[in-house]
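TrEMBL lists B:95-315 with the feature domain 'ABC transmembrane type-1'. Residues or ranges marked as transmembrane segment by TrEMBL: B:12-31, B:101-122, B:129-149, B:188-207, B:242-267, B:290-318.
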Amino acid sequence: MKGRKISAVLAVAAVVTACSTGTPGGGADTGNLVTGDPNTVNTGTAKQGGTITYVLERNIVNWNPLGADIGVATQLVADVYDPAPFVTLPDLKTVELNKDLLVSAEQTGTAPQTLVYKINPKAVWNDGTPITAADFDYVRRASDPKLCPKCEAASTMGYDHITSLVGTDDGRTVTVTLSEPFGDWKSLFGPILPAHVARKLGDDGTPEGLATSFNDGFRYKDSFPDWSGGPFMFKSWETNQAATLVPNPKWWGKPVTVDSLVFRVITDTSQEVPALQNNEVQIINPDPQVDLLRNVQALGGVKYQLVQGLRKQMILPNLNNPAMRDPVLRKALFTAMDVGQTIGKTVGQLTSDARPLRNRIYVPQQPGYKDNLGTLGTGDVAKATSILTDAGYKIDAGRLIDPRGTPVPPLTMRYIQNNQILQTVCQLFADTAKKLGVTVDVQTTDSVGATVTHQAGKDFDLFAMGWIGQTFLASQYSQAFMTKAGLNFGGYSSPVVDDLLTKALRATDETQVAGFLNGVDAQLTEDAYILPLYQVPDLLVYKANLVNVRANGTYFGPPYNGGEWGITG
Amino acid sequence: MLAYVLRRLLHAVPIVLVGSFITFVMVSASGDPLGDLKAKQPPVPRAVLDAEAHRMRLDQPVLERYWHWLTGIPRGDWGPSVKKIDIGAEIWPRLWVSARLVTLAVLLALALALVVGVVSAVKRYSAVDYAFTAIGFLLLSMPAFWLAILLKQQAIDLNQATGSTLVYTVGEASIPPPTGFWPTVADVLGHLVLPTIVLAMTAFPPWSRFVRSSMIEVQESDYVRLARAKGIKRRKVLVRHALRTALVPLTTVVALDLAVLFSGAVVTETVFQWRGMGSFLLSAVRDKDIYAVMAWLLLVSVIVVVFNLVADLLYAVLDRRVRLG
């Protein structure tokens with residue numbers, strides 16, 4: 001009966017994620033699959049004119065790309081009008097200098113850490129105002145809680161260590177000094193905001209004025225940004241409908257070829273393919289699902305790219321609950337889980353190159369990646385059983401009894417509702433746990449955030465969840481693994497990990513950072529905290545006559561090079 | 001009549017108030033509106049979370065929150081939104097979007113229901129009656145989203161066959177919009193066609209069955225037989241005597257269905273990506289946007305009250321034996 005249930009679940013498991021730029025699994029027709037170097041694939045020359053419509057899956061309610069409550073959609077649009085010093089390329093490892101905005105950005109000193117940004121002399125906002133140090137300083141003031149306690153900034157990391165920001169050469173050279181080294185300094189000022197516009201929006205030099213301009217002004221609650229420092233500028237925005245952008249006449253970079261770029265809101269993924277087929281939109285970037293991919297493969301006149309993304313799926317144990325506090329039990333459960341087999345029954349339907357992720361911090365495309373998982377995820381039930389029995393556990397009549405003689409209580413495992421792939425993962429995990437005498441009750445939640453932050457008795461023991469990866473790893477994972485950090489949802493605490501992460505944050509050499517972070521990962525394996533599963537892929541589908549359109553599984557998304565998009569004859 | 005309307009509206013006030021309080025308590029207990037913000041990567045500073053909790057009035061007892069919400073509505077303040085949208089400014093245009101869609105769909109569905117219902121009743125147990133019955137039950141059993149997908153595919157095929165986009169599958173209008181009067185009209189109609197048909201096809205089958213059964217019942221009544229016996233023309237008997245009486249029960253059904261349709265043709269709006277009341281509710285629930293959900297619920301409860309009243313008033317128009325007072 002159980003087997004039939006699992007089979008039924010697998011049969012309807014439509015939402016499937018996978019990794020790699022490899023070929024889709026299941027012997028699918030891959031005639032319109034585009035492969036190649038992720039940073040240069042689909043390069044071509046476009047003719048002048050035309051409109052390209054890109055689908056956003058969520059509405060935008062805050063246009064401030066540095067705001068705390070923005071979604072991914074805000075960043076996707078910001079890519080084409082609001083410049084950042086560095087951009088992460090589709091290969092997931094190259095953090096490239098934005099040469100339109102900057103001539104150079106270098107760390108010129110380490111004690112104290114000193115950063116020098118040389119702004120491109122041609123760089124101007126669309127009203128002709130030069131881009132200067134003042135724009136960097138505005139971002140710094142709004143993101144440093146000491147200078148603006150009420151500013152609702154998404155990240156304050158690094159900014160709180162800045163002791164001075166000086167503009168020279170008419171503001172075209174920006175020199176930043178930090179009190180403590182900040183290894184992820186390339187994440188700073190990404191993106192910048194126009195200081196002269198901020199003044200119009202309320203920045204009068206006081207903390208209150210600064211907060212007003214940052215929280216309310218750049219939000220553009222009932223309007224849209226009327227400024228641009230990128231290839232496109234806004235023409236119109238209708239909430240829940242679409243943003244229409246046209247070429248920025250003051251753009252100093254490579255000329256734009258299209259007449260307009262539309263970001264259209266379509267919140268139901270299943271409606272994206274018909275809209276593409278009917279030529280109402282030209283680019284879609286949906287979460288890959290088997291049936292959706294089959295539809296795409298059957299379409300004429302479209303191409304698709306399936307690339308590795310930075311998003312990961314994992315199983316998070318909740319150490320706040322007594323049931324999961326024993327590392328022996330966690331280690332046994334994670335050792336018994338066969339991640340390879342799980343992938344074969346889920347993401348393998350989408351790509352034949354899907355592989356288990358054997359590191360919690362790095363993905364295989366990044367230089368720091370190494371296998372730190374040991375026996376975790378191997379599906380070795382015998383080993384898992386011996387881990388338990390060696391620690392004094394015993395399995396009595398199909399139930400696991402802990403060393404004190406108390407039966408291990410049923411565990412609650414959650415996943416976000418309607419995610420059938422994670423439902424399958426949970427079912428397989430429950431099935432495996434049963435072999436160790438542990439009952440896992442699989443339940444859904446309608447909000448990851450509400451579940452992981454629900455403090456009173458946290459209502460999950462295990463959580464199958466996604467993790468949005470970034471290229472600035474020390475910053476991100478210090479928040480996930482440091483004691484009582486903001487994203488430490490499982491309540492993990494280890495002085496060893498705290499120390500390694502502190503060192504990683506201060507290290508400015510990438511090899512050193514990788515050493516510290518892999519040390520963190522190894523300690524997490526030792527403590528059996530979090531079982532990584534696989535990378536979530538990024539599917540980009542577009543009309544076959546579009547060039548320079550590329551999948552980018554990072555936070556920047558495909559519009560990272562939106563100014564280069566074009567239509568061939 | 002006016003006194004009756006006022007009395008009915010006054011009776012409705014306490015009902016809406018009690019209902020709103022119960023739903024407010026339930027919606028408030030349904031989850032943490034700041035949950036997603038708390039789970040942001042990178043994490044949001046503590047001070048921001050505290051400020052958001054204060055802005056959302058989460059630091060107040062639920063009774064106080066309800067009172068602030070209720071007393072703010074007459075001033076046009078529908079409460080703070082998690083997504084910081086202006087709920088009042090958002091919901092009225094959406095009501096208009098739904099109204100446009102529902103009005104057209106209801107008119108189409110009513111026309112179909114009357115024709116099919118009357119023909120089926122008059123040609124009872126004929127091939128035509130059986131055919132209409134089969135079609136009606138087929139549409140009744142077909143999920144709206146499935147019908148929508150089928151129609152979408154037909155529309156795409158039509159567009160590809162003609163080489164131009166005549167019918168659209170998403171949204172209420174093209175972006176950027178076409179220039180010129182006739183292209184604009186064609187664009188609006190091209191976007192209206194599919195959702196209107198889907199909504200009408202899901203609404204008309206039960207209405208046609210009501211018309212059919214009412215007509216059969218009325219046709220067998222003494223006064224209709226008397227009218228026929230007096231030699232009044234068959235068409236006149238059908239329209240002036242039988243149909244008018246048969247419309248009374250249909251009025252009740254349509255009035256109640258209208259409220260449901262106005263409150264959100266959720267599936268149709270989702271499939272065709274129309275930004276009406278249905279998608280407003282879905283977004284609000286997904287974002288745990290308490291005050292947005294409450295705005296929707298309050299508006300819908302008022303719509304239910306109003307359409308029930310309209311149905312009662314129509315009884316008096318259709319059936320002269322009914323006296324309001």
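Just so you know, glycine gets a Cβ as well, placed from its N, Cα and C.
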Stretch with greatest number of CB pairs under 8 Å, the transmembrane segment (B:129-149) reference, B:101-122, B:188-207, B:242-267, B:290-318 candidates: B:188-207
Maximum Cβ pairs under 8 Å to the transmembrane segment (B:101-122) - stretch from the list B:12-31, B:242-267, B:290-318: B:242-267
Same-chain residues at least 6 beyond the ends of the transmembrane segment (B:290-318) whose Cβ lies under 8 Å from its Cβ atoms: 1, 5, 8-9, 12, 15-16, 19-20, 23-24, 27-28, 30, 33, 56, 69, 73, 78-83, 85, 87-88, 90-91, 95, 244-245, 247-248, 251-252, 254-256, 258-259, 262-264, 277, 280-281, 283-284, 324
Intrachain neighbours beyond the transmembrane segment (B:12-31), with Cβ under 8 angstroms and 6 or more residues off its ends: 62, 65-66, 69-70, 288, 290, 293-294, 297-298, 301-302, 305, 309
